[in-house]
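A.B. asks: Submitted below is the structure of interest, expressed as structure tokens.
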Amino acid sequence: MIKKIGVLTSGGDAPGMNAAVRGVVRTALSEGLEVYGVYDGYLGLYEGRIEKLDRSSVSDVINKGGTFLGSARFPEFKEVEVREQAIENLKKHGIDALVVIGGDGSYMGAKKLTEMGYPCIGLPGTIDNDIAGTDYTIGYLTALNTVIDAIDRLRDTSSSHQRISIVEIMGRHCGDLTLMSAIAGGCEYIITPETGLDKDKLIKNIQDGIAKGKKHAIIALTELMMDANELAREIEAATGRETRATVLGHIQRGGRPAAFDRVLASRMGNYAVHLLMEGHGGRCVGIVKEQLVHHDIIDAIENMKRPVRSDLYQVAEELF
């Protein structure tokens, strides 16, 4: 029977992580369990930075961005000896199970701990929305609002200067954030891992728009597709129209979480505790068609694929 639960946040921070931690802590305490916070993710787990949490520990955090527990990249966690030390640190506090909030790298750590016999539940905390088995990840919709706000501001100045603007948006190998931002922000062109980049077609479309009297354009580009500044130089050389790239960077991860992310994170944190109490381990939580679900964490990492939103790409194609 579970008596003590640990919780950590790992990888890139996402708005709503604090709400998720709060959901875990308050639910566990309501069920008569003890809760321990692990500071700075798997690094802190390895170094033994673990402290008992109470209700006041998570007071006034639901509205704050980032994660008060801290987070850190710690690739050394893939080493067996490192994980053995981490488990030993959990056992020192009598912690029976762990809730891990983060992206696919964090899930991999939870998977490894599960394989070593330590029950873990994963919660999807990443602005990239690239986790299989869930329609939305914690932080995604807040980041979407942040990106749209930036696009709106860029459109103002691009229009004033008759300029083409490229907006580089986070997402790694998933174009969801770029796609939704482009639709909501009224972008003229979109480049994501799912669409690829036909540079000749892009330049021709821009030239056609200029010929029809279009004064400015916004291009939404997913990070890692190509160098945004190099693309800007090529477009300017081909069209004669001033072109500038704006890399939004880590501003997309910050800020007060939107109401949706606060509620989603709270629900997921609550659900994770109940899963552990029911004897589940090695699972990850998602939301599908507004219903909370859980999957085998190994399947989420290795077998499940996020569906390409072909319907929304069709909408984007017709609107752009």
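Including glycine, each Cβ sits where the backbone N, Cα and C put it.
Per Swiss-Prot, ATP binding site is recorded for GLY12, ARG73, PHE74, GLY103, ASP104, GLY105, SER106. Per Swiss-Prot, the feature ADP binding site maps to ARG22, GLY23, VAL24, VAL25, ARG26, ARG155, GLY186, CYS187, GLU188, LYS212, LYS214, LYS215, HIS216; the stated evidence is sequence analysis. What Swiss-Prot records for ASP104 is Mg(2+) binding site. As annotated by Swiss-Prot, substrate binding site applies to THR126, ILE127, ASP128, ARG163, MET170, GLY171, ARG172, GLU223, ARG244, HIS250, ILE251, GLN252, ARG253. The annotation active site, proton acceptor is assigned in Swiss-Prot to ASP128 on the grounds of sequence analysis.
I'd like these features described in context: how deep, what's nearby, how far apart.
C.D. replies: Its Cβ taken as reference, SER106 (ATP binding site) is surrounded by 28 other Cβ atoms within 10 Å in the chains shown.
A sphere of 10 angstroms centred on the C-beta of VAL24 (ADP binding site) encloses 31 other C-beta atoms.
All protein chains considered, the CB of ASP104 (ATP binding site) has 19 other CB atoms within 10 Å.
Cβ neighbour count for ARG244 (substrate binding site) (all protein chains, 10 Å cutoff from its Cβ): 17.
In the three-state DSSP classification, ASP128 (substrate binding site) falls within coil.
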A.B. asks: What span in Å does the substrate site cover, taken as the longest CA to CA distance among THR126, ILE127, ASP128, ARG163, MET170, GLY171, ARG172, GLU223, ARG244, HIS250, ILE251, GLN252, ARG253?
C.D. replies: 32
A.B. asks: Write down the Cα-Cα distance for THR126 (substrate binding site) and ARG22 (ADP binding site), rounded and given in Å.
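C.D. replies: The separation of the Cα atoms works out to 17 Å.
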A.B. asks: What is the interatomic distance between the Cα atoms of PHE74 (ATP binding site) and ASP128 (substrate binding site), given in whole Å?
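C.D. replies: For PHE74 (ATP binding site) versus ASP128 (substrate binding site), the Cα atoms are 19 Å apart.
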A.B. asks: Take the C-alpha atoms of ILE251 (substrate binding site) and GLY186 (ADP binding site) and report the distance between them in angstrom, rounded.
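C.D. replies: Rounded to a whole number, the Cα-Cα distance is 21 Å.
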A.B. asks: For the ATP site made of GLY12, ARG73, PHE74, GLY103, ASP104, GLY105, SER106, how many Å separate the two farthest Cα atoms?
C.D. replies: 13
